[in-house]
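A single structure is presented below for examination.
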Amino acid sequence: MPANAPITQDVHTIPRKLPDGPVNLVGLTRAAMRDALIAEGTPEKQAKMRVGQIWQWIYQWGVRDFDLMTNLSKAYRAQLKEKFVVEVPEVVTRQVSEDGTRKYLVRIAGGHEVEVVYIPDEGRGTLCVSSQVGCTLTCSFCHTGTQKLVRNLTAAEIIGQVMVARDDLGEWPEIGAPKDETRLLSNIVLMGMGEPLYNFENVRDAMKIAMDPEGIQLSRRRITLSTSGVVPEIARTAVEIGCQLAVSFHATTDDVRDTLVPINKRWNIEVLLEALRAYPKVSNSERITFEYVMLHGVNDSDEDARRLVKLIDGIPAKINLIPFNEWPGAPYKRSSNNRIRAFADIIYKAGYASPIRTPRGEDIMAACGQLKSATERARKSRKQIAAETGLAGA
């Protein structure tokens, strides 16, 4: 299929509209916020200034109560309270792994739930953000792929995940305090539930807010979007977001990738690589990260490693090797440590960085490929769970 093939409506799930009521200012672009303020009575000449003030309160200071926005007049604050709200997703549960990883189950409009993961590391902290409720891609090794797509998240629900994580980490700076460059949440990866490029506009708007210099202030180099290979949107990502790009590659032949990542049947390896070769030039990114989950006897041979090196020749790249994180009923097994190291060594000797990802948060089902909303898991009957885990009749 050509790279410019249109994305059909069957992969777009329109976010459910909230009931009539106050407008949530979270997730609006600056232009949309300006229009919303004008529509509710803010004089047009003042609107740009008001957007700047409110924007700073929400995204720089983490303030959600209009009464605390003290550089606005009391009358204007009362007007805002009548017409608008500043709302973020509700944290339903918070789990902390033995390794310090935190997993949040957050509830969004309609009662739906998604998972968000914070991964602390030396000198950095990464938040893994979801973009959809469920997923449409049905990647055979991924737990999220077993949960049907319900809908896209709104920009408010995406940036709201960042905001609730900052709440939990105590990351909002004290108003008036000297600027502190030390951050617990320093990076965002769009690697949670869903395919970000099947929700492009909302992901773009949320990440623009994250990168805004008067708000959360994350550099585009600290934001990584991971795609399974929605080729028509890759060039658009380079132009309209400009963040780092990771691709869920996972196989070196179309036959294997068709099974592991079924979107490959639509945009195969050759077409995907063509789009990836152009990305660093357009986005000014240093390199592309190729994510490669290590599956015993499926994609982990020396031949696979050598073929991978040939496929990506000429692309500035890092190959991130991911030991498979098993989940109940998973049809695959993790490659042995020796096999993973041998695979990595072939890639390294060819001149590519080939770090082996250390699994994080496995004890709370927060590792790569394990995310699935708790309510979805809870819907399974005891019989289904027993069958999946091999405990039937025990």
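Glycine is treated like the rest: Cβ placed from N, Cα and C.
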Which one of Ser219, Ser226, Ser301, Ser336 goes with Gly194, Glu195, Ser248, Phe249, His250, Asn325 at the S-adenosyl-L-methionine site, as Swiss-Prot has it?
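It is Ser226, as the record lists it for that site.
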Ranking the recorded positions Glu115, Glu195 by other Cβ atoms within 10 Å, which is at the bottom?
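Selected from the recorded positions Glu115, Glu195 on minimum Cβ neighbours within 10 Å: Glu115.
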In terms of Cα spacing, which of the binding-site residues Cys135, Cys142, Gly194, His250, Asn325 are within 10 angstroms of Cys128 (disulfide bond)?
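The binding-site residues close to Cys128 (disulfide bond) (Cα within 10 Å) - there are none.
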Measuring Cα to Cα, tell me the gap between Cys139 ([4Fe-4S] cluster binding site) and Glu115 (active site, proton acceptor) in whole angstrom.
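About 18 Å separate the Cα atoms of these two residues.
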Work out the three-state DSSP category of Cys139 ([4Fe-4S] cluster binding site).
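It is coil.
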Tell me, roughly as an integer, the mean pLDDT over the domain 'Radical SAM core' (121-363).
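Within the domain 'Radical SAM core' (121-363), the model's average pLDDT equals 92.
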Is it possible to get the count of other C-beta atoms within 10 angstroms of the C-beta of His250 (S-adenosyl-L-methionine binding site)?
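His250 (S-adenosyl-L-methionine binding site) is surrounded by 25 other Cβ atoms within 10 Å.
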